[in-house]
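Encoded as C-alpha cells, the structure appears first; notes follow it.
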Amino acid sequence: MQKLQVLKWFDVVIISMIMFSFFIYSSAIGYFGLKTGAVSLNDNLDFSSSQNYLTILTEIFFLMITFLYLKFRNFDFLVLFEKIKFNIKSVFLGILLFIILAFLMDLCSILMIGFYENLDDVDTDILINFDSSIILFSIVNGFYEEIFFLGICLLVDKKFLPYALFYGLLIRFSFHTYQGMITALEIGFFFGAFVYIFHKYIKNLVPFFIAHAIGDMIGISTSYFWQFLSIFD
C-alpha cells in the first residue's frame, strides 16, 4: 500500500484539534479572565517551573496521539523528516531569523499600540531569572508549533494551500488570546504571515524551531533581545 504524502483537509483539521484544542480553550479562559478583571496580564504570562514541565508533558502526549493518527493514515513520515536538518548553519540562521522577526514585530507594535509603550512594560527580571524549565519548554514548544504550521499544515494539495495558510494563521491566533487581543493578532496573523513568507525561501524547519524557541524564552522583540544580551556584559 502506497504511503500518504499529501494530507487531506480533514487531516489538518483533526490534527489541529488534537494538538491545539486544549490550548485554545485554556487561552480563551485566560482572555475572558482579562476582560472581566479576574486576572491581570502578568498573571497570564507568569508560569511556574511546574507549569512549564506540565505543558511539556502535555505537548509530548498530544504529539504521540498525532503520531498514532498519522500512523493510522499510513502517512509517510519521511516527508516531514527531510525538512528537518540540524547543523551549525541552521543554528545561526535561526538566531538571525529571530532578530528579523523581532524587528518586524517591533514595527507592528509601533503601528498598533506604540513601541515605547511596550518598552515601559519590559520586565528585565524575567529575562534574567528564567530557569531550565523555560529553556526546555521553549525548545519543545518551538518544535511543537512549527512542525504543525510549517510541516503538517502545508502538506495539503496545492489547491487547498491558501486555505491551509489562513487556517494556520487562525489557529496560531486562537491560542495566544490569553496575552490580550492585540498581542494575539500580532503573533497570530502578522508574525505568522512572515513565518510563512520566510519559509518560502528557507525550507529547513530547524531555523524556525530555534527562532520560535528564542522568542518563547525572551519575547519576540529586539528590546527584549538586547536587554537579554546586556546581562552578559
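One-based numbering along the chain as shown.
Glycine is no exception: its Cβ is also placed from the backbone N, Cα and C atoms.
Because the structure is a prediction, the values reported are computed rather than measured.
Annotation source TrEMBL lists domain 'CAAX prenyl protease 2/Lysostaphin resistance protein A-like' at 134-217. For 12-33, 53-70, 91-114, 134-156, 177-199, 205-226, the entry in TrEMBL reads transmembrane segment.
Looking at 53-70, 134-156, 205-226, the range that has the most CB pairs within less than 8 A of the transmembrane segment (91-114) turns out to be 205-226. Of the candidate ranges 12-33, 177-199, 205-226, 205-226 contributes the most Cβ pairs within a distance under 8 Å of the transmembrane segment (134-156).
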